[in-house]
Structure formats: structure tokens, C-alpha cells
Amino acid sequence: MNIESKIKELTEKLNQYAYEYYTLDEPSVEDSEYDRLYQELVKLEAENPQLTRADSPTHRTGGVILDGFVKFRHPYNLYSLGDVFSREELAVWEERVRKEIANPEYICELKIDGLSLSLYYENGLLMTAATRGDGTTGENITENVKRIKDVPLKLKEAIDIVVRGEAYLPRKNFAKLNKERELEGATPFANPRNAAAGTLRQLDTKIVAKRGLATFLYQEASPATNDTQEEVLEYFEELGFQVNPERKFARNMDEIWEFIEEATRLRDELPYDIDGVVVKVNNLAEQEELGFTVKAPRWAIAYKFPAEQAETEILSVDWTVGRTGVVTPTANMTPVLLAQTTVARATLHNVDYIEEKDIRIGDHVLIYKAGDIIPKVGKVLLDKRPEGLEGLEIPTKCPECGSELIHFEDEVALRCVNPLCPAQIREKLIHFASRDAMNIVGLGPSVISQLFDKKLVADVADLYQLTIEDLLTLDKVKETLAQKIVSAIAQSRENSAEKLLFGLGIRHVGGKAAKLLLERFANLRALSKATEEEISEIPSLGGVIATAVVSYFETDGAKILLDELENAGVNFDYLGAVNIEGILSGKTVVLTGKLTTLKRSEAKEKLEALGANVSGSVSKKTDLVVAGEEAGSKLTKAQDLGIEIWSEQDLLDL
């Protein structure tokens with residue numbers, strides 16, 4: 001046997017042994033035999049590096065020092081899930097599904113508390129691994145993910161597929177890691193989720209390999225070739241992915257809740273952290289029929305476990321002004337440990353919330369973290385209230401500018417409507433420069449506050465006139481940081497226009513809505529001239545957003561600001577694929593079978609450029625099926641329904 005054949009044999013044998021060990025939990029050889037073969041492969045590859053295969057298991061342990069993480073644009077939108085926190089809220093969602101789908105069936109899965117990632121395979125080989133990021137753009141973490149031993153470098157089938165899952169740190173490995181950090185004098189991680197996220201952002205891949213991350217895969221992001229979520233998970237197992245075995249088929253709310261109760265009992269016994277249960281409509285065609293909101297699928301929901309609570313005392317209340325003028329109360333409290341972090345402040349939301357709970361300074365309260373992130377006051381312990389405590393004094397004037405505060409009838413918030421309120425301007429500047437908006441690195445709250453206080457900037461357009469000399473007048477800003485900020489400001493001029501639109505801070509327009517708006521109108525100037533009717537035609541965007549956008553661009557201030565930004569050289573064009581009226585505009589199209597000329601992602605991009613909505617399953621709402629070679633059940637179903645069929649060549653001819 002020649003060396004190339006020997007390397008191939010060892011690689012395939014070791015990958016099979018790893019699959020048996022990590023996925024099937026049924027090892028067929030002793031560790032010593034695996035180690036012997038592994039060392040033999042290491043030696044052969046070292047002597048013949050040109051023969052090292054892409055799926056070699058040695059990629060999992062070898063060390064690479066990365067320069068950083070490059071951005072990765074996902075070819076598919078990776079939506080987050082909506083959350084519910086009670087049986088009543090879950091029942092509302094289930095009833096909403098039932099109104100659209102007759103006799104829906106569900107799959108209930110554990111919600112793993114880790115870091116979301118996507119794996120991209122071509123011809124069965126792992127080519128790219130990326131974080132979810134904002135759902136459109138994440139970070140390429142391929143080298144680190146290759147060090148996770150249960151992630152297959154080569155699938156059991158030579159297919160193109162994109163899968164989503166969760167990387168997590170098992171509790172045993174988390175305890176070991178924190179013990180090592182304490183011995184080294186480093187700060188322990190607060191929880192396994194933070195440890196997993198920190199590990200995947202390591203530049204030294206040897207550290208990733210050492211820490212022992214693991215994964216569970218749960219969704220096909222590329223158009224699915226199965227009919228149900230249950231079939232998708234079974235197919236994943238056949239391909240070699242690690243799939244969580246704790247799942248249940250359910251037909252109604254009672255059966256869903258039975259699984260949630262079982263998951264609650266299991267929670268402390270599992271070798272990994274979970275923070276809830278995900279409920280999905282099982283049938284993929286029905287998922288397609290239900291569709292998406294701007295942020296989340298309508299066919300799935302995440303039930304989050306009740307949050308951990310802690311008792312503390314309210315010492316004082318601060319009132320702060322946000323960029324939209326909303327005045328928010330925040331409680332200062334006796335510091336207390338909650339969900340493994342020390343908490344000393346909690347939001348009180350608004351005046352109605354304070355009055356409803358009758359919150360007073362000096363009260364003992366129970367606090368919790370909503371979604372395990374934001375501290376909130378849940379309950380006042382009235383039996384511990386000292387005598388004589390007076391109710392909170394509600395401000396009538398803005399704490400920043402002194403203007404009268406307004407309480408509109410249709411709102412619960414107090415609002416400062418002074419457009420020149422310094423707090424609002426400062427917060428708008430901070431928002432504009434933030435990561436999800438224009439991403440001006442180095443231009444954080446401290447620097448912006450100083451620029452504003454020194455009257456070096458008064459609106460976002462002024463940022464593009466800043467010089468290194470201006471920045472050097474600020475406290476703790478040296479030459480290197482000043483150059484970095486000026487460079488980041490210049491770079492932000494080239495951003496795609498949805499970043500700018502989000503950065504303008506128009507009410508109701510978040511990142512997803514901004515992207516949908518620019519996909520449709522292609523240019524910020526064109527959007528600024530759009531009517532409410534035109535905007536309302538965009539799927540997932542309603543009249544509230546349409547009214548907010550049109551009202552904003554009708555103001556003199558917005559018109560002046562656009563001129564200033566354009567004169568400063570800021571890009572107004574959307575740099576992604578534009579959904580203009582095309583031959584397939586508004587059509588729902590399904591791809592099936594093997595394509596011989598185009599990659600599946602290329603075919604999807606071409607269809608979307610023609611205005612199509614690309615779906616993963618065939619239903620009565622499907623307008624067209626593009627069928628490649630060896631097309632199976634989807635093609636048969638389309639023919640039965642009388643749906644128009646195209647070949648790959650038909651698509652290429654366009």
C-alpha cells in the first residue's frame with residue numbers, strides 16, 4: 001500500500017472510530033488502539049504534508065494562531081426565536097398556530113444554553129463554520145470549530161448542506177476549566193455559556209481543543225430535503241452529527257407541557273446547561289405556510305425556564321433619558337449575587353410599573369434576570385416594608401434639560417419631547433456609532449460624551465468632520481486611539497445603507513426592518529421618498545413602521561441630516577441583493593434535487609435576485625419548483641399539485 005492510500009485508510013478509520021465514540025456512544029476499539037493509529041497518521045502527515053486530507057482528525061488538535069476573525073455573510077437569514085415565560089403565554093402561541101394550521105403536530109426539543117453556530121458543508125466536507133451574529137453577518141470561526149471533536153469534518157454523504165446548532169461546554173469541563181483559571185490567578189467564567197462563547201473567540205486554536213466544547217445540531221438552514229423536523233434530526237444522525245436525544249412528539253398543549261415539566265425535572269441532572277424548551281411545528285410545509293415575522297419564525301417558540309430570584313433592598317432610583325426621549329427609572333440596590341453575577345441595579349421600566357407594584361425606596365424586593373440577562377424587580381415583599389415609607393416621587397421635568405415631561409395616552413412611558421435635549425442627542429450619537437449600526441470602533445459612550453460636552457459634535461453628521469487633533473483634546477485619548485477612531489469613521493462611510501438607516505434611530509425601525517426596507521428600495525434617498533402604501537407592501541412590515549419611516553423623512557431635520565451625510569461621503573446604497581420587481585417577484589420557489597452547474601447557494605441567490613421567495617418545502621402556496629437530477633418526493637408532490645416545474649437549465653437561461 002502506498003503512502004497516500006495508507007493516509008486515506010487511517011483517516012477514514014479514525015473518523016469512523018470518532019463517530020462511534022462521540023455520536024453513537026458505542027466505541028468499537030480501545031483508547032490505546034485509537035491513539036496508536038492516530039500517532040501513525042500524525043507521523044505520516046508530518047513527513048508528507050501535501051497528502052494531508054481535509055477531513056483528517058489531526059486538524060482537531062493542531063495549533064494555529066489566528067490573526068482575528070473575519071466577517072461572514074450568511075446566504076440564509078438565521079432568525080432568533082420568540083420567547084415565552086409561562087404556560088399561558090405558550091398557550092396563546094399554540095392557539096395562534098392552530099388558527100392557521102388544522103391539527104398541527106409539534107416537536108419539543110431542549111434549549112441548549114450555549115452559542116449558536118452554522119456549519120457549511122460542500123460535497124460532504126466542512127468548509128466554513130460561523131457564528132450567527134445578527135442573523136445576516138457573523139464571524140468565521142472555522143479553525144476553532146474544527147477543534148470540537150463531535151463536529152464531523154466529513155459527512156457520511158457527499159452533499160452540500162448548511163446546518164444550525166449550539167456549541168456548549170459540558171458542566172464537567174466547565175468545572176475543570178474554572179479550577180485551572182483559579183490556580184492561574186485568572187477570573188473564573190460566570191457560567192458555561194460565557195465560557196463557550198469565550199472559547200470560540202480564542203485566537204489560539206490549541207486552547208479551543210483543550211477545553212472540550214461539544215455540539216448539538218438542530219436545524220437545516222439550507223432548503224431541507226425532508227418533510228418534517230423529526231426526519232431532519234434523524235437524517236442529521238445518519239450524516240454523523242450530534243443530535244440531542246431528549247425530544248418529544250406532541251399533538252396539543254397538554255403534551256407540550258408534559259415535556260416541559262419533564263425537562264424541568266431533568267435540568268439539574270443533565271451534563272450540560274439548558275435554559276428552556278423549544279417547540280416547533282413538525283411539518284416543514286406547515287412551517288413554510290406560517291412564515292416569519294421580521295425577527296422570528298411564527299412556527300417555533302422558546303419557552304424559557306422561570307428565572308432565578310434573589311432578595312435585596314432598594315436604596316434609590318435614577319431617572320435616565322434615552323435617545324427617543326423616554327425617561328426610564330432604574331433602581332439602585334444593595335448588591336446581591338444573582339445567576340452567578342453580582343447585581344446592584346435593576347430596571348423599573350416605567351411609571352405604570354412602579355405604581356402597579358407600589359415600589360418604594362427602602363422596600364425589600366425579589367429581583368430576577370429576564371432571559372438570564374437583564375435584572376428586573378419582580379415582587380415587593382410587603383411583609384418586610386418598614387412603616388412610614390412614602391411612595392416614589394415621579395418627576396414632572398426632564399432630569400437632563402428641565403423640559404416638561406409628557407405622558408401620552410397611548411404610551412406607558414414618560415417622554416421628553418425637546419429635540420434639543422442633550423441626553424437624547426448624546427444617546428443618538430452612541431447608537432449611531434454602535435456595533436449593530438455604523439460600527440465605528442473606538443467611538444464608545446465615554447468618547448462620545450466628551451465630544452458632545454466639548455461641543456465638537458452636535459449631530460451624527462458632525463462625526464465625519466472629526467480630526468485626530470479634535471480627538472487628542474479628550475481625556476485618555478492618545479495618538480494611537482485617535483488614529484484608530486478616525487480610520488473607523490472613514491471606513492463606516494462604505495457601510496451598506498441598512499446600517500446607516502438603523503443608525504438614524506427611527507422609531508420602530510430595528511436592524512431587520514432596516515434590511516428589509518433597503519432590500520426593497522435599494523437606496524436611502526429612494527426610501528426617503530417612499531409612500532406609506534409602498535412600504536406597507538413589504539412582507540413582515542406593517543403600517544406602524546411605514547408611518548414612522550414616512551413621518552421621519554418628512555421632517556426638515558431629517559432632510560438636512562441626509563444632505564449633510566451625503567456631502568460627507570456616506571454611502572446611501574444597499575450593497576446586498578435587491579428585491580426589485582423581477583420575473584419571479586412575489587413567487588414562492590422550491591429547489592430540489594442535485595444541481596450540476598450551480599451550487600445550491602448560487603441558485604438561491606439567482607432566484608432571490610429575480611424577486612423569488614425561496615422555500616424549503618412544497619405546499620399549495622408554492623408557485624414553482626426548480627428540479628435538478630434525482631429529484632424525489634418534492635418533485636412528485638409538485639407534479640401532483642400541478643405546480644410549474646423548471647429544470648436547472650431553465651433557470652440558467654434567465
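The backbone N, Cα and C atoms fix where each Cβ goes, and this holds for glycine too.
Long-range Cβ proximity for Arg132 (NAD(+) binding site), meaning a same-chain Cβ under 8 A and a gap of 6 or more residues, is found for His74, Leu78, Ser80, Ser116, Leu117, Ser118, Gly138, Arg164. Marked as NAD(+) binding site by Swiss-Prot on the basis of sequence analysis: Asp31, Ser32, Glu33, Tyr34, Asp35, Ser80, Leu81, Glu109, Arg132, Glu166, Lys280, Lys304.
If you look up Swiss-Prot, you'll see Lys111 marked as active site, N6-AMP-lysine intermediate, on the strength of sequence analysis. For the recorded site, Lys111 (active site, N6-AMP-lysine intermediate), the DSSP three-state label reads strand.
Sequence annotations record features per position, and here Swiss-Prot assigns Zn(2+) binding site to Cys398, Cys401, Cys416, Cys421. All protein chains shown were included, and the count of other CB atoms within 10 Å of the CB of Cys401 (Zn(2+) binding site) stands at 15.
Annotation comment: Swiss-Prot describes 579-654 as domain 'BRCT'.
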Within 10 Å of its Cβ, which one of these binding-site residues (Leu81, Cys416) has the largest number of other Cβ atoms?
Cys416
Under 8 Å by Cβ from Lys111 (active site, N6-AMP-lysine intermediate), counting only residues of that chain that are 6 or more apart:
Ile274, Asp275, Gly276, Val277, Val278, Ala302, Tyr303, Lys304
What other residues of this chain sit with their CB within 8 A of the center of the CB atoms of Cys398, Cys401, Cys416, Cys421, the recorded Zn(2+) site?
Val321, Gly325, Pro399, Glu400, Gly402, Ser403, Leu405, Asn418, Pro422, Ala423, Gln424
Report the mean pLDDT of the predicted model across the domain 'BRCT' (579-654), rounded to a whole number.
78
Secondary structure at Arg132 (NAD(+) binding site) (DSSP, helix/strand/coil)?
coil
Measuring CA to CA, name the entry from the binding-site residues Glu33, Leu81, Lys280 that ends up nearest Cys421 (Zn(2+) binding site).
Leu81
